[in-house]
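Input: a single structure, listed below in structure tokens.
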């Protein structure tokens with residue numbers, strides 16, 4: 001029993017130390033500057049997040065590409081106004097990308 005319990009406790013502790021993984025995508029979206037230019041349903045400075053999800057539905061590698069755009073910024077994807085780099089970690093960018101792509 002001890003041989004199983006100790007690794008399980010260690011794994012639980014390691015996961016607890018990664019707050020970005022525990023955060024919900026929507027809460028992360030609201031805590032970062034994303035909402036200054038984007039909303040879920042309505043185009044603002046940037047596209048509505050549901051538009052982004054629809055455009056990328058079924059596209060292989062979309063989550064990775066979107067995560068890179070979120071972290072590093074992009075230009076010319078949705079119009080002439082560039083998206084600046086965002087103060088997010090790679091993990092947070094991935095969480096945000098997966099959340100955006102899950103929107104219907």
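Including glycine, each Cβ sits where the backbone N, Cα and C put it.
The feature signal peptide is assigned by Swiss-Prot to 1-22, with experimental evidence given as support. For 34, 37, 38, 83, the entry in Swiss-Prot reads heme c binding site, with the evidence type sequence analysis.
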From the centroid of the CB atoms of 34, 37, 38, 83, the recorded heme c site, which same-chain residues not already listed sit within 8 A by their CB, in sequence order?
33, 35, 36, 44, 45, 46, 86
Using a Cβ cut-off under 8 Å and a sequence separation of 6 or more, which residues in the same chain sit near residue 83 (heme c binding site)?
37, 46, 69, 73, 74, 75, 77
Within 10 Å of each Cβ, count the other Cβ atoms and name the one among the binding-site residues 34, 37 with the highest count.
34
Secondary structure of residue 83 (heme c binding site) (DSSP, helix/strand/coil):
strand
Counting only residues 6+ away in sequence within the same chain, which have a CB under 8 Å from the CB of residue 38 (heme c binding site)?
44, 45, 46, 47, 48, 49
